[in-house]
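J.: Take this structure, written in structure tokens, and hold onto it; I'll ask about it next.
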Amino acid sequence: MSITDLSPTLGILRSLYPHVQVLVDFADDIVFREGHKATLIEESDTSHFKSFVRGIFVCFHKELQQVPSCNQICTLPELLAFVLNSVKRKRKRNVLAHGYNFQSLAQEERDADQFKLQGDVTQSAAYVHGSDLWRKVSMRLGTDITRYLFESCSVFVAVPPSCLFQVCGIPIYDCFSLATASLGFSLQSRGCRERCLGVNSMKRRAFNVKRYLRKRKTETDQKDEARVCSGKRRRVMEEDKVSCETMQDGESGKTTLVQKQPGSKKRSEMEATLLPLEGGPSWRSGTFPPLPPSQSFMRTLGFLYGGRGMRSFLLNRKKKTAEGFRKIQGRDLIRIVFFEGVLYLNGLERKPKKLPRRFFNMVPLFSQLLRQHRRCPYSRLLQKTCPLVGIKDAGQAELSSFLPQHCGSHRVYLFVRECLLAVIPQELWGSEHNRLLYFARVRFFLRSGKFERLSVAELMWKIKVNNCDWLKISKTGRVPPSELSYRTQILGQFLAWLLDGFVVGLVRACFYATESMGQKNAIRFYRQEVWAKLQDLAFRSHISKGQMVELTPDQVAALPKSTIISRLRFIPKTDGMRPITRVIGADAKTRLYQSHVRDLLDMLRACVCSTPSLLGSTVWGMTDIHKVLSSIAPAQKEKPQPLYFVKMDVSGAYESLPHNKLIEVINQVLTPVLNEVFTIRRFAKIWADSHEGLKKAFIRQADFLEANMGSINMKQFLTSLQKKGKLHHSVLVEQIFSSDLEGKDALQFFTQILKGSVIQFGKKTYRQCQGVPQGSAVSSVLCCLCYGHMENVLFKDIINKKSCLMRLVDDFLLITPNLHDAQTFLKILLAGVPQYGLVVNPQKVVVNFEDYGSTDSCPGLRVLPLRCLFPWCGLLLDTHTLDIYKDYSSYADLSLRYSLTLGSCHSAGHQMKRKLMGILRLKCHALFLDLKTNSLEAIYKNIYKLLLLHALRFHVCAQSLPFGQSVAKNPAYFLLMIWDMVEYTNYLIRLSNNGLISGSTSQTGSVQYEAVELLFCLSFLLVLSKHRRLYKDLLLHLHKRKRRLEQCLGDLRLARVRQAANPRNPLDFLAIKT
């Protein structure tokens, strides 16, 4: 094994751990208390053992503090059992315990013998338990060191030629977040960076200032922490045995975990555990003292699916006491916000029972808040700001008339603002400045997308703490930094509760907030009355299709205890409501059911991988579409002929699948493997991307046991993946491995969920007698298997080498040179296929030929010219050349702000860069950039439009930066970001063409580097010049670079670039909003 093969993988470990050593070097540094050094390798050892210990890497955060003994106190199996039982009992994160579950024993029996395994061992524990090599390592290092390795270190085993897998320790994927994972990786070559015209000198000048500020901030944070955790407030911190902080070095980008070890704790209790890197506000999470402001977030997901009325509003809830329930008082609210959290209402009380003097002085103010809340006319304010229009006289109005009646985020903000003015006493704001700033944050929060969040640090930005006299114990005298820090923490807790508890709770009480199918991630706010009418009309339409049968109370009572009841909800579409059925719950029964659903999905995928014909013409995405079109496009370009296109969309595909046909199809899939044993492995993969930094992915994989007998343990599995070329320079962490599932188990569970599908809507319960739930993870595969079976029966004569049929779940596309085949396909599907529940939506049928019989029978059929750009699933296909373009008409009237979730994080600039790089990787797909399937003109046009949309995304991200950050404050960084994206785009274009395009900066190849760079300049100049004041410095550099590129490009290539960029602002981009 060459160390050079492992060097990139070891670089990942060194970027995350301060100490990384080979086990041999780790052992050489140990001196036992008996006076001699540890000897891991002896001359008589076999080469196999020497190779084994040299392939083990030990990573740790802090060196061993106590002097260990060399004594062998217990055997390796006993020590392993002790560690596993301890980890499970203390609920610590350790890879060694993955797959180890306690048996159903009483607590007394579990604690009786800690040296005995209380369950089956699999995965890492089984690998160590059954290894003679690990037993020899344990004997030579002694029990103390072996236990230290298992409990406090992260140990990785090398698998030649270039990968590692983790054996024990906190999972490596928990040691970094994607928000900061891109640090420490250079994206630009030196030559490219020198083109930034003085950018590096600007960065150097900024670095010294940042280093000084970072040092000051670290010192202040340490003082603040000491003050905040002093006295009575230290009580909760002492409950945690060890806490860890994440500290980042801005220059190297390494993450160091620093252990804090209370002196009163024993060594055995000082194992490293990770506190949450982020979480919710303390009043909701119950974490006191609260997390640092930059790690505490309010999420817009909290708005969703409310509409339960004011009775559920926090300030209207009652406190549980020994005498019963009573209304909350001022001191109760103080305890909820600053001490106990929402669990206080359920009777939870912590010390101190008597409020400290500072908080006791706040009681009158919070009592006034509650009095003003009880007098506040919420209904009148709601009707004033978000009035209902014609809802009482609607009667049996159409569903489409209610869909547009949602309240804009600005109207909701006006309502919330009126309520805050009426309820919150002026003294709590401190000043008009603070109140106006807070209102601005509330307005921003209400306008945010579904997955966005706001940190307490951002909420507190520019708030003047000293204006709030209610925070002070003494109104006069000197204010030390620690006191100011504590006041800031208290104000942060209050403002976080005011947003997450009061504002979010008020919105949930008065509105039903939901996503919509048309606006990606945008949140719609419906008044309760409107949503109730919408939901009622949608449900009537849904149940009229005969897909569900209502159960009587007696039938509901007779349901087996194992029955899982799903919930039905609706999501607004442009012209209707989409039913979504989901299983919601965190109890053991629900978790087991969801686990079985995932297992069924994995086993069906394994069957499909072994017999792809089961899926018929199914394509799962752009990669599959590219593979299909690559088989016919070259021949069409070489010898053009008329092609006939048919696009069909099934109406209600999931809900219309007949159960008898589904059972028949799945029986045919699983019957050949009824007695086959499946292995299901879930693992995490961590790797370093040269352009996007550290990345992680979580993968589930199912295989047949018989075909993978040589890949049972992780080392064998990793070796197999590398031999197949599927993996290199990666770290794997096994999470779950099971090998006890058979095909008959999957068939039995499928039959059970199909015949026993019970759905609850409101107070009524129904049994689904047709179709599959649209929200289930397995529904898409079931739908594709059913339609694949239909295609194999009905269309086997139509599909041949010259024709191709593709189907993305329920969207069909036929491309054929035979007009008769196209007409036959059209007639069959227009007539419907009742045995498969297939009914075509006539409004979504598109063809590029005249068929008078079909046109008469289907008046909504859309006929395009023989030669045109044919739309299908977000693509435009040239019917003559088979060139493929992206269809940007779907972005019309949509705001790009909702298609991106930048988030509030420590390094917003790095997060922005990671987001934009990730989007480039997804959008620069070979489907649009492959010269074998697309003409050069089409590729240039695709690149320009892709980059134009990317420039719009860049602008949206730049406007979303927190803390008043802007491009104007650091143009050097954002200019480098643009050049990094140029290089990455060029790399992706080369990757899509397997070397057909030269990646050098010389003028060779069909699409050269300078051409891509010029397209970047043109697209970014077009977008950013509309906001000249914001991007003045960037525009100057982009104009200079554009002129230089136009001079160095030849006439033909420059003409090709200008052809792609004409018109500069395409028609389909005019309706895109930012």
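From the backbone N, Cα and C atoms, a Cβ is placed for every residue, glycine too.
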J.: Would you please say which range out of 240-265, 266-291 has the annotation region 'Disordered' in Swiss-Prot?
T.: 240-265
J.: To which of the residue ranges 25-30, 355-360, 709-714, 1051-1056 does Swiss-Prot assign the term region 'Interaction with RNA template'?
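T.: Of 25-30, 355-360, 709-714, 1051-1056, Swiss-Prot gives region 'Interaction with RNA template' for 355-360.
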J.: According to Swiss-Prot, Asp810, Asp811 bind Mg(2+); so which of Asp602, Asp624, Asp649, Asp980 is the extra one listed there?
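T.: Answer, per Swiss-Prot (Mg(2+) site with Asp810, Asp811), from Asp602, Asp624, Asp649, Asp980: Asp649.
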J.: Need the matching range: Swiss-Prot marks region 'Interaction with RNA template' on one of 383-408, 461-486, 539-564, 565-590, and I'd like to know which.
T.: 461-486
J.: Choose the correct range: of 54-59, 300-305, 732-737, which one does Swiss-Prot annotate as motif 'TFLY'? Give that range.
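T.: Feature motif 'TFLY' in Swiss-Prot: residues 300-305.
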J.: For the motif 'TFLY' (300-305), what are the same-chain contacts with Cβ under 8 Å, counting residues 6+ beyond its ends?
T.: 445, 448-453, 500, 504, 507-508, 511-515, 523, 525, 569
J.: In sequence order, which residues at least six apart in the same chain have a CB under 8 Å from the CB of Asp649 (Mg(2+) binding site)?
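T.: Listed in sequence order, they are Asp810, Asp811, Phe812, Val840, Asn841, Lys844, Val845.
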J.: Over the domain 'Reverse transcriptase' (552-877), what is the model's mean pLDDT?
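T.: Across the residues of the domain 'Reverse transcriptase' (552-877) the model's pLDDT averages 90 on the 0 to 100 scale.
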J.: Check the DSSP secondary structure of Asp649 (Mg(2+) binding site), expressed as helix, strand or coil.
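T.: DSSP call for Asp649 (Mg(2+) binding site): strand.
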J.: Taking every protein chain shown into account, which of the binding-site residues Asp810, Asp811 has the largest tally of Cβ atoms within 10 Å of its Cβ?
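T.: Buried the deepest by this measure is Asp810.
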J.: Around the Mg(2+) site formed by Asp649, Asp810, Asp811, which additional residues qualify by having Cβ within 8 Å of the site's Cβ center?
T.: Met648, Val650, Ala653, Arg807, Leu808, Val809, Phe812, Asn841, Lys844
J.: DSSP helix, strand and coil counts for the motif 'TFLY' (300-305)?
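T.: Helix, strand and coil residues of the motif 'TFLY' (300-305) number 4 helix, 1 strand, 1 coil.
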J.: By DSSP, what is the split of the region 'Interaction with RNA template' (461-486) into helix, strand and coil residues?
T.: 12 helix, 0 strand, 14 coil
